[in-house]
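Feature annotations, reproduced from TrEMBL:
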- A:7-30: transmembrane segment (TRANSMEM)
- A:42-64: transmembrane segment (TRANSMEM)
- A:85-105: transmembrane segment (TRANSMEM)
- A:111-138: transmembrane segment (TRANSMEM)
- A:150-172: transmembrane segment (TRANSMEM)
- A:178-200: transmembrane segment (TRANSMEM)
- A:252-271: transmembrane segment (TRANSMEM)
- A:277-294: transmembrane segment (TRANSMEM)
Amino acid sequence: MHPALSVIFFTVTSGAGFGLYSLTAVLQLFRLGPSLDRTQLLVALVTSLVLIIAGLLSSTGHLANPKNAWRSFMRVKTSWLSREAVLAVAFFPFAFLYLIGVIFYGAHVPIFFVTMGLIGIIFGFITVFATGMIYACLKTMRQWNTPLVPANYLLMGLTLGALIHMAIEAYFGADLQFISGVAGTALVMTGVMKGIYYFWIDRVSGPTINTATTFTRARVRLLDTGHTAGTFLTEEFGYQISEGLRSVLRTLVFVLGFILPLILVALAAYLAPGAGAFALAVTAVVSSYVGKMIERWLFFAEARHVVNLYHGAQHT
Amino acid sequence: MRLGLVIDLDTCVGCHACAVACKQWNTSGTTGPLTDYRPYGEDPSGVWFNRIRHYEVGDYPNSKTINFPMSCMHCEDADCVTVCPTGASYKRKEDGVVLVDQTKCMGCNYCSWACPYGARELDRESGTMKKCTLCIDRIYDESLAEIDRQPACVITCPAHARFFGDFDDADSEVSRLVRERDGMQLMPELGYNPTNRYLPPRINTPIPTDDVRRPSLAGKVKQWVNKAVAR
């Protein structure tokens with residue numbers, strides 16, 4: 001699949017935003033970890049909303065006809081893309097009500113605003129799930145058609161959210177023991193999950209050139225594609241990366257996305273709160289963000305659409 | 001009604017006439033124009049509803065060249081319709097034809113991702129998705145003679161390898177062909193239940209050569225001399 005930068009930026013960034021929002025709200029509402037004051041909460045919530053909005057705006061970048069984008073709310077009954085759009089919009093009223101609660105009451109928000117925050121968390125999670133399902137529901141790409149995909153989207157968002165939350169706490173000189181544990185656990189779980197995904201998609205399964213052409217009792221070879229230059233199909237679905245580049249990028253996903261941040265998070269937890277810990281936490285965020293951008297790029301580049309069978313691929 | 005095509009892989013000669021006729025008709029049809037990019041440049045490209053590929057099936061000497069025309073299969077369970085977030089992509093209840101409403105499409109490519117047959121192509125000029133309409137503006141045109149109310153690809157096919165009709169009607173030509181010659185669906189395991197069917201090549205008995213007379217000694221000498229003497 002041709003990797004579109006706007007979609008890669010959108011899924012990583014708004015995923016991180018939803019992760020940060022959910023984590024901030026959960027930690028506050030259930031009184032977990034060091035309690036944050038009004039300013040710290042506001043910084044975390046506003047950052048998450050900025051990330052979400054920036055991501056959603058970028059998602060319109062890959063539309064060929066954006067003037068009809070408003071129509072994408074029309075088919076909630078059948079389309080995951082439509083569901084995602086509606087859920088993302090439904091998230092905002094609750095998120096803003098919770099934000100207003102924090103603005104007026106600081107760390108001790110009344111029960112009404114707490115409820116709004118909780119509903120916001122639920123909508124945020126389902127939105128990210130819907131984003132994953134946009135890909136997972138397609139039977140045409142076996143690398144996407146697995147429940148591991150929405151699980152991966154949710155975990156990736158949560159991990160980045162935890163890291164950003166930690167950087168914000170570090171900036172305000174809070175005690176990092178609790179949040180570093182959360183971030184570390186999230187990093188390990190997400191990394192292992194990604195490993196499972198790579199293990200899974202490396203096995204060949206699904207349609208072959210034989211079922212695609214109905215000739216199941218003989219070898220089928222492409223003689224000629226019938227066109228002399230590229231078409232929409234070859235441009236959109238014919239994208240391929242070399243074995244070498246793929247293994248380099250997969251290694252980078254683990255090193256930048258999970259291993260390096262894990263070390264930095266652990267180091268930051270041992271340091272006394274201050275500029276050093278903050279610098280480590282920010283480096284962890286940047287490293288993990290870059291790793292996850294590479295991960296998302298690979299997610300697209302590695303997916304093989306079944307239409308490639310008609311262009312000579314023996315299996316997907 | 002369930003309208004669709006039957007394509008005979010035995011008689012298709014791979015001449016691309018169907019693709020050209022399709023482009024010609026539909027470029028001025030309901031979803032037209034079918035844009036061409038850089039038509040006189042180094043890598044010309046453009047929107048086509050119908051593409052023909054060529055395959056070698058089996059290994060030499062037991063191999064056969066198969067010409068393989070593909071357009072929209074007008075699937076019974078069309079994912080391109082269910083995934084469309086705007087409702088631009090729809091399947092007509094009355095005849096099963098899958099169409100794209102050009103005024104609603106936002107060009108997100110999602111339907112083309114969902115289609116396993118590569119039937120949908122984005123028109124980069126209009127920013128909308130385009131696909132085979134089964135010549136909807138032709139098959140219902142009552143000003144045309146009855147015989148002309150068929151898709152352009154079917155009418156033009158010089159090998160008579162394409163048939164158009166109603167699969168719900170057991171007596172129609174398409175139903176009869178599918179029944180008699182084992183009409184196949186492409187990638188049935190994906191569960192899209194495509195309406196269009198492909199007829200496999202007929203199994204031909206080899207032409208007997210036993211009765212061909214062996215050349216006489218004089219004939220062999222003549223043959224050798226003919227080969228040896230440069231003209």
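The backbone N, Cα and C atoms fix where each Cβ goes, and this holds for glycine too.
Remote same-chain partners of the transmembrane segment (A:178-200), defined as residues 6 or more beyond its termini with a Cβ less than 8 Å from a stretch Cβ, comprise 23, 27, 32-34, 146, 148-149, 151-152, 155-156, 158-159, 162-163, 165-166, 169, 250, 253-254, 257-259, 261-262, 265-266, 268-269, 284, 288, 295. Proximity of distant same-chain residues to the transmembrane segment (A:7-30), defined by a Cβ-Cβ separation under 8 Å and at least 6 residues beyond the stretch ends, is recorded for 36, 41, 44-45, 47-56, 58-59, 61-62, 88, 91, 95, 98, 107, 109, 114, 117-118, 120-121, 124-125, 127-128, 131, 153, 156-162, 164-165, 179, 182, 289, 292-293, 296-297, 300. Within the chain, the transmembrane segment (A:150-172) has long-range Cβ neighbours (under 8 A, six or more residues past its boundaries) at 11-12, 15-24, 27, 34, 36, 39-40, 43-44, 47-48, 125, 128-129, 131-133, 136, 179-180, 182-183, 186-187, 189-190, 193-194, 197, 261, 265, 268, 273, 277-278, 280-282, 284-285, 288-289, 292, 295.
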